[in-house]
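Annotated features, as they stand in Swiss-Prot:
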type     : residues                     : note
ACT_SITE : 180                          : active site, proton acceptor
ACT_SITE : 298                          : active site, proton acceptor
BINDING  : 128, 178, 182, 299, 331, 383 : substrate binding site
BINDING  : 206, 208, 209                : Mg(2+) binding site
MOD_RES  : 206                          : N6-carboxylysine
SITE     : 338                          : site 'Transition state stabilizer'
């Protein structure tokens, strides 16, 4: 790994505080000899300097502008513990295969951050600095969050273990479906979709991100019909069922009102969108914890800043923030579906959601060891362009602690919604049985599905309708240090 080496140029003593403009390197934001403390928050930025800008100066500027610096020397620095509070860029590496881009490692003292506040954390590390003129682009790739900081957060209110206990469902992925079309259905027809899907074998149905309270269906009407459907499906199947009721609204007062009504109706889960903001997410997490509710997060809007390789915030960082903030479910990609998702990078997202400790794995895009202390695990959700014919691939790539959501793959079934749900449930049960028997379910997957379909007409129809459907596009966000193998 080629590391840019340049000794510290920090000006010390009275010359450091002379009025005027001084380079960020000289102000102390470049410290190549610094060894990060166990309690430091470390950020890895992908820095793309403007032409002619020294990459180390650009990296030092990121450290300065995301901590204590401004554009000129200020004498009030002498009233603070400036040496302590300055963020320190201690390493700059060229990004492999990306000319003009650099990885900058920056350490922040823990005292720079308010305990237990995602809003405060993000105001520093992705605040003003992303608009800094000397940079063409800037991306926050990863973070190391010290245990001392992690433990100031409450984390997911329910967690994977307790959720499975409440549902009494173990040893397999959970199955869901997003109601389609996402907009335009009446409350009565919406409830009918929920009932058919749950009766057919799904564990959950879900509101989509932009179904809130529109003229064609107000939120209270939707909640009533959905919960009637859930209760009827539970009575018909003898299984615990749920529907993610989206309580996203214009104000916190409205969201609390909707969540309380969902609880009164007996719902086990409520849903929010990422676009409500970090403070609102933490507030809803506190509500869910107090009311023993599962909290589902739709990552609506994330691609506006996670999609581009050289600018924005990586979804692995968003995943870390959401585990701190405290959500139980988070959409994390499918690998084989219609949405962006490099296989190795997606594996890294899932590891962040589900593991107690994440070791550094550059092949998964994870640059730091991360200890999650005692925080609950999040259940990742795979949604977007998946169908029963991909079941062996989904289990291979995503494991069993995941919600597999077949929206179009349920509701678009030629025999109807209930048949679509049954097709997915039978495909899943057949694949899990093969796995538990020790068979090579990945290579034998198509044969396993074909054999199950011989005695299940809905699955046979699903395999026929979607047999040629794939979404094989080049990912825009793949690991920098390895080449991702093709999806089988």
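Don't overthink the numbers, they just go from 1 along the chain as shown.
Glycine is no exception: its Cβ is also placed from the backbone N, Cα and C atoms.
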(message) If I take the alpha carbons of residue 206 (Mg(2+) binding site) and residue 180 (active site, proton acceptor), what is the distance between them in whole Å?
(response) 10
(request) Let me know how many other Cβ atoms fall within 10 Å of the Cβ of residue 383 (substrate binding site). (result) 24
(request) Determine which residues of the same chain, besides 206, 208, 209, have their CB within 8 A of the center of the CB atoms at the recorded Mg(2+) site, and list them by sequence. (result) 178, 179, 182, 207, 210, 211, 244, 246, 271, 298, 300
(request) Name the secondary structure element type, per DSSP in three states, that contains residue 182 (substrate binding site). (result) coil
(message) My understanding is the cutoff is Cβ-Cβ under 8 Å with a sequence separation of 6 or more in the same chain; which residues meet that for residue 331 (substrate binding site)?
(response) 297, 298, 299, 380, 381, 382, 383
(message) As a test of the contact definition, list every same-chain residue at least 6 positions from residue 178 (substrate binding site) whose Cβ is closer than 8 Å to its Cβ.
(response) 205, 206, 207, 208, 383, 405, 407
(message) Test of understanding: give the count of other CB atoms lying within 10 angstroms of the CB of residue 299 (substrate binding site).
(response) 23
(request) Could you work out which of the recorded positions (180, 206, 298) has its C-beta surrounded by the smallest number of other C-beta atoms within 10 A? (result) 180
